[in-house]
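Annotation comment: TrEMBL describes Cys126 as active site, proton donor. Residues or ranges marked as phosphoenolpyruvate binding site by TrEMBL: Lys32, Asn33. Residues or ranges marked as UDP-N-acetyl-alpha-D-glucosamine binding site in TrEMBL: Arg102, Asp319, Val341. Residues or ranges marked as domain 'Enolpyruvate transferase' in TrEMBL: 18-419. According to TrEMBL, the 2-(S-cysteinyl)pyruvic acid O-phosphothioketal annotation covers Cys126.
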Amino acid sequence: MPTLPSPDADPAVLQVWGGSSLQGHVKISGAKNSALVLITAALLCSEDCRLRNVPSLVDVTRIGQILVSLGVKLKQQDDILNINASTISKSKAPYELVSQLRASFFAIGPLLARLGSACVPLPGGCTIGARPVALHVRGLQLMGADVQIEHGMVNAHVRGNRGRLQGAKIYLDYPSVGATETLMMAATLAQGETIIENAAQEPEVVDLANFCNSMGAKIRGAGTNTIVISGVSRLHSTDYSIIPDRVEAATFLVAGAITYSEISMSPVVPEHLTAAIAKLQDIGVQVVTEGSDCLRVIPSHNLVATDIETLPYPGFPTDMQAQFMALLALSEGNSLVSETVFENRLRHVPELNRMGADIRVKNNHAIIRGVPLLTGAPVVATDLRASAALVLAGLAAQGKTTIQGLHHLDRGYENLEAKFLGLGAKLERVPQSVAIANDAFSPINSDALISS
Ligand code: EPZ
(Lines of atoms letter the chains of each structure in order from A and count residues from 1; the text may use other names and numbers.)
(Lines give C-alpha, C1' and ligand atoms only; values in the text may rest on other atoms or scores of the structure.)
Protein backbone atom coordinates (compact mmCIF):
# COMPACT_ATOMS: atom_id res chain seq x y z
CA MET A 1 0.00 0.00 0.00
CA PRO A 2 1.36 3.48 -0.79
CA THR A 3 2.43 5.70 2.11
CA LEU A 4 0.05 8.54 2.95
CA PRO A 5 0.93 12.03 1.70
CA SER A 6 2.18 14.34 4.49
CA PRO A 7 2.04 18.14 4.19
CA ASP A 8 5.16 18.68 2.11
CA ALA A 9 7.21 21.88 1.89
CA ASP A 10 8.35 20.75 -1.54
CA PRO A 11 5.39 18.88 -3.00
CA ALA A 12 5.84 16.98 -6.23
CA VAL A 13 4.48 18.36 -9.48
CA LEU A 14 3.96 16.50 -12.75
CA GLN A 15 5.61 17.85 -15.89
CA VAL A 16 3.97 16.66 -19.13
CA TRP A 17 5.46 17.26 -22.57
CA GLY A 18 2.71 17.07 -25.15
CA GLY A 19 2.56 16.18 -28.81
CA SER A 20 3.77 12.56 -28.66
CA SER A 21 1.53 9.84 -30.01
CA LEU A 22 1.00 6.82 -27.79
CA GLN A 23 1.21 3.16 -28.72
CA GLY A 24 0.90 -0.23 -27.11
CA HIS A 25 -1.22 -1.78 -24.37
CA VAL A 26 -2.01 -0.71 -20.81
CA LYS A 27 -3.15 -2.86 -17.87
CA ILE A 28 -6.22 -1.58 -16.04
CA SER A 29 -6.17 -1.82 -12.24
CA GLY A 30 -8.88 -2.92 -9.83
CA ALA A 31 -11.70 -0.40 -9.31
CA LYS A 32 -11.07 2.20 -6.58
CA ASN A 33 -14.78 2.68 -5.87
CA SER A 34 -15.26 -1.07 -5.52
CA ALA A 35 -12.14 -1.69 -3.43
CA LEU A 36 -13.11 0.96 -0.86
CA VAL A 37 -16.59 -0.42 -0.21
CA LEU A 38 -15.65 -4.12 -0.44
CA ILE A 39 -12.87 -3.64 2.13
CA THR A 40 -15.46 -1.88 4.33
CA ALA A 41 -17.96 -4.72 3.79
CA ALA A 42 -15.44 -7.19 5.22
CA LEU A 43 -16.47 -5.69 8.59
CA LEU A 44 -19.68 -7.74 8.22
CA CYS A 45 -17.75 -11.02 8.34
CA SER A 46 -16.18 -12.70 11.37
CA GLU A 47 -14.02 -15.03 9.25
CA ASP A 48 -11.12 -14.55 6.85
CA CYS A 49 -11.81 -12.55 3.69
CA ARG A 50 -9.36 -12.48 0.81
CA LEU A 51 -9.68 -9.69 -1.75
CA ARG A 52 -7.74 -9.82 -5.02
CA ASN A 53 -7.01 -7.12 -7.64
CA VAL A 54 -6.83 -4.47 -4.88
CA PRO A 55 -5.38 -1.26 -6.40
CA SER A 56 -2.44 0.40 -4.65
CA LEU A 57 -3.95 3.80 -3.91
CA VAL A 58 -3.79 6.41 -1.12
CA ASP A 59 -7.54 5.97 -0.46
CA VAL A 60 -7.10 2.21 -0.07
CA THR A 61 -4.34 2.81 2.47
CA ARG A 62 -6.67 5.18 4.33
CA ILE A 63 -9.61 2.75 4.52
CA GLY A 64 -7.16 0.07 5.68
CA GLN A 65 -5.96 2.33 8.50
CA ILE A 66 -9.55 2.98 9.58
CA LEU A 67 -10.30 -0.75 9.76
CA VAL A 68 -7.11 -1.44 11.73
CA SER A 69 -8.12 1.31 14.19
CA LEU A 70 -11.36 -0.66 14.75
CA GLY A 71 -9.42 -3.83 15.57
CA VAL A 72 -9.37 -5.51 12.13
CA LYS A 73 -6.29 -7.50 11.06
CA LEU A 74 -4.98 -6.75 7.54
CA LYS A 75 -2.23 -8.48 5.57
CA GLN A 76 -1.33 -7.30 2.09
CA GLN A 77 0.75 -9.06 -0.50
CA ASP A 78 0.96 -7.39 -3.91
CA ASP A 79 -2.66 -6.84 -4.97
CA ILE A 80 -4.07 -9.37 -2.50
CA LEU A 81 -5.50 -8.15 0.80
CA ASN A 82 -6.29 -10.60 3.61
CA ILE A 83 -8.80 -9.18 6.05
CA ASN A 84 -9.89 -10.63 9.39
CA ALA A 85 -12.58 -8.72 11.24
CA SER A 86 -13.33 -11.47 13.77
CA THR A 87 -12.00 -9.33 16.60
CA ILE A 88 -13.38 -5.87 15.86
CA SER A 89 -13.38 -4.23 19.25
CA LYS A 90 -14.53 -0.72 18.51
CA SER A 91 -17.51 0.79 16.73
CA LYS A 92 -16.08 4.31 16.77
CA ALA A 93 -14.08 5.37 13.70
CA PRO A 94 -11.38 8.01 14.35
CA TYR A 95 -12.16 11.53 13.11
CA GLU A 96 -8.67 12.30 11.80
CA LEU A 97 -8.81 9.29 9.45
CA VAL A 98 -12.47 9.49 8.36
CA SER A 99 -12.20 13.21 7.65
CA GLN A 100 -9.62 12.33 4.99
CA LEU A 101 -11.88 9.87 3.18
CA ARG A 102 -15.61 10.42 2.68
CA ALA A 103 -16.27 6.84 1.60
CA SER A 104 -15.31 5.63 5.07
CA PHE A 105 -18.68 6.94 6.28
CA PHE A 106 -20.23 3.90 4.59
CA ALA A 107 -18.72 1.82 7.48
CA ILE A 108 -21.68 2.94 9.59
CA GLY A 109 -23.78 0.27 7.86
CA PRO A 110 -21.67 -2.85 8.60
CA LEU A 111 -20.68 -1.61 12.09
CA LEU A 112 -24.32 -1.08 13.08
CA ALA A 113 -25.34 -4.43 11.56
CA ARG A 114 -22.50 -6.35 13.19
CA LEU A 115 -22.16 -4.63 16.59
CA GLY A 116 -25.55 -2.96 17.07
CA SER A 117 -23.88 0.46 17.39
CA ALA A 118 -21.64 2.73 15.37
CA CYS A 119 -20.06 6.14 15.84
CA VAL A 120 -18.69 7.70 12.68
CA PRO A 121 -17.68 11.30 11.98
CA LEU A 122 -20.04 13.21 9.70
CA PRO A 123 -18.07 13.54 6.49
CA GLY A 124 -17.73 17.18 5.54
CA GLY A 125 -18.29 18.49 2.08
CA CYS A 126 -15.50 18.31 -0.49
CA THR A 127 -14.29 20.23 -3.53
CA ILE A 128 -17.01 18.75 -5.77
CA GLY A 129 -20.04 19.31 -3.56
CA ALA A 130 -21.79 19.39 -0.18
CA ARG A 131 -22.12 15.59 -0.15
CA PRO A 132 -24.85 15.18 2.52
CA VAL A 133 -25.58 11.71 4.01
CA ALA A 134 -29.25 12.16 4.90
CA LEU A 135 -30.30 9.24 2.67
CA HIS A 136 -27.92 6.89 4.51
CA VAL A 137 -29.22 8.03 7.92
CA ARG A 138 -32.89 7.93 6.91
CA GLY A 139 -32.55 4.34 5.65
CA LEU A 140 -30.85 3.21 8.87
CA GLN A 141 -33.61 4.82 10.93
CA LEU A 142 -36.22 2.90 8.90
CA MET A 143 -34.29 -0.28 9.79
CA GLY A 144 -34.72 0.44 13.48
CA ALA A 145 -31.64 2.49 14.30
CA ASP A 146 -31.64 5.48 16.59
CA VAL A 147 -29.33 8.05 14.99
CA GLN A 148 -28.08 11.18 16.75
CA ILE A 149 -25.77 13.72 15.14
CA GLU A 150 -23.80 15.63 17.79
CA HIS A 151 -20.44 17.42 17.73
CA GLY A 152 -19.89 16.33 14.14
CA MET A 153 -20.32 12.67 15.03
CA VAL A 154 -23.09 10.34 13.85
CA ASN A 155 -24.01 8.08 16.78
CA ALA A 156 -26.21 5.19 15.80
CA HIS A 157 -27.49 2.22 17.76
CA VAL A 158 -30.20 -0.36 17.29
CA ARG A 159 -33.34 0.77 19.14
CA GLY A 160 -34.75 -1.31 22.02
CA ASN A 161 -33.11 -4.57 23.07
CA ARG A 162 -33.44 -6.42 19.78
CA GLY A 163 -29.74 -5.95 19.03
CA ARG A 164 -30.34 -6.51 15.30
CA LEU A 165 -31.53 -4.13 12.61
CA GLN A 166 -34.92 -4.97 11.13
CA GLY A 167 -35.74 -5.41 7.44
CA ALA A 168 -37.56 -2.40 5.94
CA LYS A 169 -38.87 -0.91 2.70
CA ILE A 170 -36.67 2.05 1.76
CA TYR A 171 -37.31 4.44 -1.14
CA LEU A 172 -34.27 6.58 -2.00
CA ASP A 173 -35.15 10.13 -3.14
CA TYR A 174 -32.01 9.98 -5.29
CA PRO A 175 -30.21 6.78 -6.52
CA SER A 176 -27.18 7.55 -4.33
CA VAL A 177 -24.31 5.06 -4.75
CA GLY A 178 -23.12 5.46 -1.19
CA ALA A 179 -26.57 5.27 0.41
CA THR A 180 -27.42 2.13 -1.60
CA GLU A 181 -24.13 0.52 -0.51
CA THR A 182 -24.44 1.51 3.18
CA LEU A 183 -28.02 0.22 3.41
CA MET A 184 -27.32 -2.94 1.43
CA MET A 185 -24.48 -3.80 3.84
CA ALA A 186 -26.64 -3.00 6.88
CA ALA A 187 -29.51 -5.14 5.58
CA THR A 188 -27.24 -8.14 4.98
CA LEU A 189 -27.26 -9.03 8.72
CA ALA A 190 -30.67 -7.53 9.56
CA GLN A 191 -33.68 -9.55 10.67
CA GLY A 192 -36.09 -10.07 7.79
CA GLU A 193 -36.25 -8.61 4.31
CA THR A 194 -35.18 -5.16 3.13
CA ILE A 195 -36.23 -3.64 -0.19
CA ILE A 196 -34.26 -0.66 -1.51
CA GLU A 197 -36.21 1.17 -4.23
CA ASN A 198 -34.74 3.74 -6.63
CA ALA A 199 -31.41 2.13 -5.80
CA ALA A 200 -28.15 3.02 -7.54
CA GLN A 201 -27.29 0.60 -10.38
CA GLU A 202 -23.54 1.27 -10.69
CA PRO A 203 -21.23 -1.72 -11.42
CA GLU A 204 -19.55 -1.11 -8.06
CA VAL A 205 -22.92 -1.68 -6.31
CA VAL A 206 -23.21 -5.01 -8.17
CA ASP A 207 -19.63 -5.90 -7.23
CA LEU A 208 -20.47 -5.25 -3.56
CA ALA A 209 -23.58 -7.44 -3.76
CA ASN A 210 -21.58 -10.24 -5.43
CA PHE A 211 -18.89 -9.96 -2.76
CA CYS A 212 -21.47 -10.15 0.06
CA ASN A 213 -23.25 -13.07 -1.64
CA SER A 214 -19.91 -14.88 -1.90
CA MET A 215 -19.83 -14.66 1.94
CA GLY A 216 -23.34 -16.16 2.21
CA ALA A 217 -25.50 -13.03 2.02
CA LYS A 218 -28.85 -13.12 0.18
CA ILE A 219 -28.98 -10.09 -2.11
CA ARG A 220 -31.06 -10.03 -5.30
CA GLY A 221 -31.60 -7.34 -7.93
CA ALA A 222 -28.29 -5.44 -7.65
CA GLY A 223 -27.80 -3.59 -10.93
CA THR A 224 -31.52 -2.79 -11.15
CA ASN A 225 -33.40 0.00 -9.34
CA THR A 226 -34.88 -2.44 -6.82
CA ILE A 227 -32.63 -4.47 -4.52
CA VAL A 228 -34.03 -7.12 -2.16
CA ILE A 229 -31.92 -8.33 0.78
CA SER A 230 -32.97 -11.24 3.00
CA GLY A 231 -30.99 -10.85 6.20
CA VAL A 232 -28.80 -13.70 7.48
CA SER A 233 -27.35 -14.20 10.97
CA ARG A 234 -23.69 -14.42 9.94
CA LEU A 235 -21.34 -14.52 6.96
CA HIS A 236 -18.49 -16.88 6.11
CA SER A 237 -15.03 -16.52 4.59
CA THR A 238 -14.48 -15.75 0.92
CA ASP A 239 -11.84 -15.25 -1.78
CA TYR A 240 -13.04 -12.58 -4.19
CA SER A 241 -11.59 -10.56 -7.07
CA ILE A 242 -12.51 -6.88 -7.54
CA ILE A 243 -13.80 -5.65 -10.95
CA PRO A 244 -11.54 -3.56 -13.22
CA ASP A 245 -11.72 0.23 -12.88
CA ARG A 246 -14.07 1.55 -15.60
CA VAL A 247 -13.12 5.17 -14.83
CA GLU A 248 -9.41 4.45 -15.27
CA ALA A 249 -10.22 2.60 -18.51
CA ALA A 250 -12.27 5.58 -19.77
CA THR A 251 -9.35 7.87 -18.93
CA PHE A 252 -7.08 5.80 -21.19
CA LEU A 253 -9.73 5.68 -23.95
CA VAL A 254 -9.69 9.49 -23.93
CA ALA A 255 -5.86 9.47 -23.83
CA GLY A 256 -5.86 7.55 -27.12
CA ALA A 257 -8.47 9.85 -28.66
CA ILE A 258 -6.88 13.16 -27.55
CA THR A 259 -3.39 12.15 -28.80
CA TYR A 260 -4.78 10.59 -32.01
CA SER A 261 -3.21 7.28 -30.94
CA GLU A 262 -4.23 3.64 -31.36
CA ILE A 263 -3.82 1.96 -27.96
CA SER A 264 -5.46 -1.01 -26.25
CA MET A 265 -6.29 -1.79 -22.62
CA SER A 266 -7.38 -4.72 -20.46
CA PRO A 267 -8.89 -6.12 -18.35
CA VAL A 268 -12.11 -4.18 -18.76
CA VAL A 269 -15.82 -5.08 -18.67
CA PRO A 270 -16.94 -3.45 -21.95
CA GLU A 271 -20.59 -3.14 -20.83
CA HIS A 272 -19.46 -0.92 -17.93
CA LEU A 273 -18.24 1.61 -20.51
CA THR A 274 -21.26 1.71 -22.82
CA ALA A 275 -22.05 5.40 -22.23
CA ALA A 276 -18.40 6.49 -22.60
CA ILE A 277 -17.89 4.45 -25.79
CA ALA A 278 -21.12 5.84 -27.28
CA LYS A 279 -19.94 9.42 -26.63
CA LEU A 280 -16.51 8.68 -28.15
CA GLN A 281 -18.26 7.40 -31.27
CA ASP A 282 -20.33 10.61 -31.41
CA ILE A 283 -17.05 12.54 -31.27
CA GLY A 284 -15.74 10.42 -34.17
CA VAL A 285 -13.50 7.96 -32.31
CA GLN A 286 -14.03 4.23 -32.78
CA VAL A 287 -13.59 1.80 -29.89
CA VAL A 288 -13.46 -1.89 -30.70
CA THR A 289 -13.78 -4.81 -28.31
CA GLU A 290 -11.16 -7.51 -28.69
CA GLY A 291 -11.97 -10.78 -26.97
CA SER A 292 -14.08 -10.49 -23.82
CA ASP A 293 -12.07 -8.02 -21.79
CA CYS A 294 -9.96 -5.82 -24.08
CA LEU A 295 -10.73 -2.48 -25.78
CA ARG A 296 -8.82 -0.76 -28.61
CA VAL A 297 -9.08 2.92 -29.52
CA ILE A 298 -9.12 3.68 -33.26
CA PRO A 299 -8.28 7.39 -33.38
CA SER A 300 -9.68 10.06 -35.72
CA HIS A 301 -8.19 13.41 -36.68
CA ASN A 302 -11.68 14.87 -37.11
CA LEU A 303 -12.96 15.23 -33.58
CA VAL A 304 -16.46 16.73 -33.59
CA ALA A 305 -18.38 18.44 -30.81
CA THR A 306 -21.13 16.66 -28.90
CA ASP A 307 -23.25 17.29 -25.79
CA ILE A 308 -22.86 15.38 -22.52
CA GLU A 309 -25.14 15.26 -19.47
CA THR A 310 -23.89 13.39 -16.43
CA LEU A 311 -26.43 11.03 -14.82
CA PRO A 312 -26.57 8.06 -12.47
CA TYR A 313 -25.61 4.73 -14.12
CA PRO A 314 -26.31 3.64 -16.82
CA GLY A 315 -26.24 7.33 -17.80
CA PHE A 316 -22.95 9.12 -18.55
CA PRO A 317 -20.77 8.97 -15.39
CA THR A 318 -19.85 12.16 -13.60
CA ASP A 319 -16.41 10.58 -12.91
CA MET A 320 -15.61 10.77 -16.64
CA GLN A 321 -16.94 14.28 -17.24
CA ALA A 322 -13.67 16.21 -16.76
CA GLN A 323 -11.65 13.85 -18.97
CA PHE A 324 -14.20 14.15 -21.81
CA MET A 325 -14.23 17.94 -21.40
CA ALA A 326 -10.50 17.99 -22.19
CA LEU A 327 -11.26 16.07 -25.41
CA LEU A 328 -14.21 18.30 -26.35
CA ALA A 329 -11.96 21.35 -25.91
CA LEU A 330 -10.16 20.10 -29.04
CA SER A 331 -13.28 18.96 -30.96
CA GLU A 332 -14.60 21.06 -33.80
CA GLY A 333 -17.80 22.99 -33.00
CA ASN A 334 -19.70 23.83 -29.80
CA SER A 335 -20.36 21.26 -27.07
CA LEU A 336 -22.55 21.58 -23.97
CA VAL A 337 -21.56 19.62 -20.86
CA SER A 338 -24.14 19.54 -18.03
CA GLU A 339 -23.00 18.23 -14.64
CA THR A 340 -26.20 17.10 -12.87
CA VAL A 341 -24.76 14.80 -10.15
CA PHE A 342 -22.47 17.16 -8.22
CA GLU A 343 -23.02 20.86 -7.77
CA ASN A 344 -19.36 21.97 -7.93
CA ARG A 345 -17.57 19.73 -10.41
CA LEU A 346 -16.51 22.15 -13.14
CA ARG A 347 -13.44 23.53 -11.38
CA HIS A 348 -11.11 22.17 -14.06
CA VAL A 349 -12.54 24.72 -16.54
CA PRO A 350 -10.33 27.70 -15.62
CA GLU A 351 -7.29 25.42 -15.71
CA LEU A 352 -8.16 24.11 -19.20
CA ASN A 353 -8.74 27.73 -20.29
CA ARG A 354 -5.25 28.54 -18.96
CA MET A 355 -4.06 26.01 -21.58
CA GLY A 356 -5.92 27.82 -24.37
CA ALA A 357 -9.31 26.10 -24.24
CA ASP A 358 -12.43 28.23 -24.83
CA ILE A 359 -14.94 27.15 -22.18
CA ARG A 360 -17.59 29.25 -20.42
CA VAL A 361 -19.53 28.11 -17.36
CA LYS A 362 -23.11 29.01 -16.45
CA ASN A 363 -24.42 27.30 -13.33
CA ASN A 364 -23.76 23.58 -13.85
CA HIS A 365 -23.36 23.89 -17.62
CA ALA A 366 -20.13 24.36 -19.56
CA ILE A 367 -20.25 25.66 -23.13
CA ILE A 368 -17.15 24.51 -25.00
CA ARG A 369 -16.05 26.08 -28.26
CA GLY A 370 -13.52 23.68 -29.79
CA VAL A 371 -10.04 25.07 -30.50
CA PRO A 372 -7.41 23.65 -32.90
CA LEU A 373 -4.75 23.24 -30.19
CA LEU A 374 -3.87 23.63 -26.53
CA THR A 375 -0.59 25.00 -25.20
CA GLY A 376 1.29 23.79 -22.11
CA ALA A 377 0.97 25.90 -18.91
CA PRO A 378 1.29 25.66 -15.11
CA VAL A 379 -2.07 24.39 -13.80
CA VAL A 380 -3.61 23.20 -10.52
CA ALA A 381 -5.62 20.00 -9.99
CA THR A 382 -8.71 20.70 -7.84
CA ASP A 383 -10.03 17.14 -7.45
CA LEU A 384 -9.33 13.57 -8.54
CA ARG A 385 -10.92 13.54 -12.00
CA ALA A 386 -9.90 17.14 -12.73
CA SER A 387 -6.29 16.05 -12.23
CA ALA A 388 -6.72 13.27 -14.81
CA ALA A 389 -8.23 15.77 -17.27
CA LEU A 390 -5.18 18.04 -16.90
CA VAL A 391 -2.80 15.14 -17.58
CA LEU A 392 -4.78 14.32 -20.76
CA ALA A 393 -4.80 17.98 -21.87
CA GLY A 394 -1.06 18.11 -21.20
CA LEU A 395 -0.47 15.04 -23.40
CA ALA A 396 -2.29 16.81 -26.26
CA ALA A 397 -0.87 20.30 -25.74
CA GLN A 398 2.08 21.93 -27.42
CA GLY A 399 5.02 22.32 -25.05
CA LYS A 400 5.14 21.58 -21.34
CA THR A 401 2.35 21.51 -18.75
CA THR A 402 3.21 21.54 -15.04
CA ILE A 403 0.48 20.11 -12.78
CA GLN A 404 0.25 20.90 -9.07
CA GLY A 405 -2.04 19.13 -6.59
CA LEU A 406 -0.94 15.55 -7.30
CA HIS A 407 -2.37 14.39 -3.95
CA HIS A 408 -5.70 14.34 -5.78
CA LEU A 409 -4.35 12.11 -8.58
CA ASP A 410 -2.71 9.61 -6.20
CA ARG A 411 -5.97 9.00 -4.47
CA GLY A 412 -7.51 7.30 -7.48
CA TYR A 413 -4.95 6.29 -10.14
CA GLU A 414 -2.44 3.47 -9.59
CA ASN A 415 1.00 4.12 -11.17
CA LEU A 416 -0.48 6.50 -13.73
CA GLU A 417 2.89 7.94 -14.80
CA ALA A 418 4.47 4.50 -15.26
CA LYS A 419 1.48 3.42 -17.36
CA PHE A 420 1.73 6.50 -19.60
CA LEU A 421 5.52 6.16 -19.88
CA GLY A 422 4.87 2.56 -20.97
CA LEU A 423 2.70 3.93 -23.80
CA GLY A 424 5.46 6.31 -24.92
CA ALA A 425 4.26 9.52 -23.26
CA LYS A 426 6.75 12.10 -22.00
CA LEU A 427 6.09 13.05 -18.39
CA GLU A 428 7.98 13.27 -15.13
CA ARG A 429 7.14 13.80 -11.46
CA VAL A 430 9.63 16.20 -9.86
CA PRO A 431 9.81 18.17 -6.61
CA GLN A 432 8.31 21.64 -7.08
CA SER A 433 11.68 23.22 -6.31
CA VAL A 434 13.22 21.39 -9.28
CA ALA A 435 10.38 22.56 -11.56
CA ILE A 436 10.96 26.13 -10.37
CA ALA A 437 14.70 25.80 -10.96
CA ASN A 438 14.16 24.29 -14.42
CA ASP A 439 12.14 27.15 -15.72
CA ALA A 440 10.11 30.27 -14.85
CA PHE A 441 7.45 28.11 -13.19
CA SER A 442 5.94 29.79 -10.14
CA PRO A 443 3.60 27.68 -8.02
CA ILE A 444 -0.09 28.69 -7.91
CA ASN A 445 -1.87 28.56 -4.47
CA SER A 446 -3.48 25.09 -4.45
CA ASP A 447 -6.56 23.71 -2.63
CA ALA A 448 -6.74 22.20 0.86
CA LEU A 449 -5.98 18.49 1.08
CA ILE A 450 -9.57 17.32 1.68
CA SER A 451 -10.52 14.40 -0.65
CA SER A 452 -13.91 13.32 -2.06
C1 EPZ B 1 -19.74 7.62 -5.31
O2 EPZ B 1 -19.80 8.71 -4.39
C3 EPZ B 1 -18.30 7.60 -5.83
N4 EPZ B 1 -17.40 7.45 -4.71
C5 EPZ B 1 -18.00 8.90 -6.55
O6 EPZ B 1 -16.69 8.80 -7.13
C7 EPZ B 1 -18.98 9.08 -7.69
O8 EPZ B 1 -18.78 10.32 -8.30
C9 EPZ B 1 -20.43 9.03 -7.14
O10 EPZ B 1 -20.65 7.81 -6.41
C11 EPZ B 1 -21.47 9.11 -8.24
O12 EPZ B 1 -21.28 8.12 -9.18
C13 EPZ B 1 -17.22 6.21 -4.20
O14 EPZ B 1 -17.80 5.22 -4.59
C15 EPZ B 1 -16.23 6.10 -3.08
P16 EPZ B 1 -23.69 9.60 -4.38
P17 EPZ B 1 -21.07 8.90 -3.42
O18 EPZ B 1 -24.14 9.33 -3.00
O19 EPZ B 1 -21.59 7.58 -3.04
C20 EPZ B 1 -26.31 13.41 -3.34
C21 EPZ B 1 -14.55 9.52 -7.80
O22 EPZ B 1 -14.18 10.46 -8.54
N23 EPZ B 1 -26.65 12.75 -2.05
O24 EPZ B 1 -24.22 8.76 -5.47
O25 EPZ B 1 -20.69 9.83 -2.37
C26 EPZ B 1 -24.85 13.86 -3.38
O27 EPZ B 1 -24.64 15.07 -2.71
C28 EPZ B 1 -15.67 9.75 -6.77
O29 EPZ B 1 -14.09 8.38 -7.85
C30 EPZ B 1 -27.59 13.34 -1.23
O31 EPZ B 1 -28.14 14.39 -1.58
O32 EPZ B 1 -22.09 9.60 -4.45
C33 EPZ B 1 -24.59 13.95 -4.86
O34 EPZ B 1 -24.97 15.20 -5.35
C35 EPZ B 1 -16.10 11.17 -6.69
N36 EPZ B 1 -27.87 12.75 -0.04
C37 EPZ B 1 -25.46 12.83 -5.42
O38 EPZ B 1 -26.39 12.48 -4.40
C39 EPZ B 1 -27.27 11.59 0.39
O40 EPZ B 1 -27.55 11.10 1.48
C41 EPZ B 1 -24.66 11.59 -5.80
O42 EPZ B 1 -23.95 11.16 -4.68
C43 EPZ B 1 -26.31 11.01 -0.46
C44 EPZ B 1 -26.02 11.61 -1.68
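Our numbering is plain: 1 for the first residue shown, then up by one each step along the chain.
Heads up, the Cβ atoms here are built off N, Cα and C, so glycines get one too.
Note on proximity: of the recorded positions Cys126, Asp319, Val341, the one nearest Asn33 (phosphoenolpyruvate binding site) is Asp319, by Cα distance. Selection of the recorded positions Asn33, Cys126, Asp319, Val341 by a Cβ distance under 6 Å from ligand 1 yields, in sequence order, Asn33, Asp319, Val341. With respect to their backbone Cα atoms, Cys126 (active site, proton donor) and Arg102 (UDP-N-acetyl-alpha-D-glucosamine binding site) stand 9 Å from each other. Cβ neighbour count for Arg102 (UDP-N-acetyl-alpha-D-glucosamine binding site) (all protein chains, 10 Å cutoff from its Cβ): 20. Sequence-distant neighbours of Val341 (UDP-N-acetyl-alpha-D-glucosamine binding site) (same chain, six or more apart, CB under 8 Å from its CB) are Thr310, Leu311, Pro312, Thr318, listed in sequence order.
Reduced to three states, the DSSP call for Val341 (UDP-N-acetyl-alpha-D-glucosamine binding site) is coil. Note: the CA-CA distance between Asp319 (UDP-N-acetyl-alpha-D-glucosamine binding site) and Lys32 (phosphoenolpyruvate binding site) rounds to 12 Å. With a 10 A radius on its CB, Asn33 (phosphoenolpyruvate binding site) counts 25 other CB atoms from all the protein chains. Here the CA atom of Lys32 (phosphoenolpyruvate binding site) lies 13 Å from the CA atom of Arg102 (UDP-N-acetyl-alpha-D-glucosamine binding site). Under 8 Å, Cβ to Cβ, and six or more positions away along its own chain, Lys32 (phosphoenolpyruvate binding site) finds Pro55, Leu57, Asp59, Val60, Asp245, Val247, Glu248, Arg411, Gly412. Among Arg102, Asp319, Val341, the residues given in the record as binding UDP-N-acetyl-alpha-D-glucosamine, the maximal Cα to Cα distance rounds to 16 Å.
Mapped onto three states, the DSSP output places Asn33 (phosphoenolpyruvate binding site) in helix.
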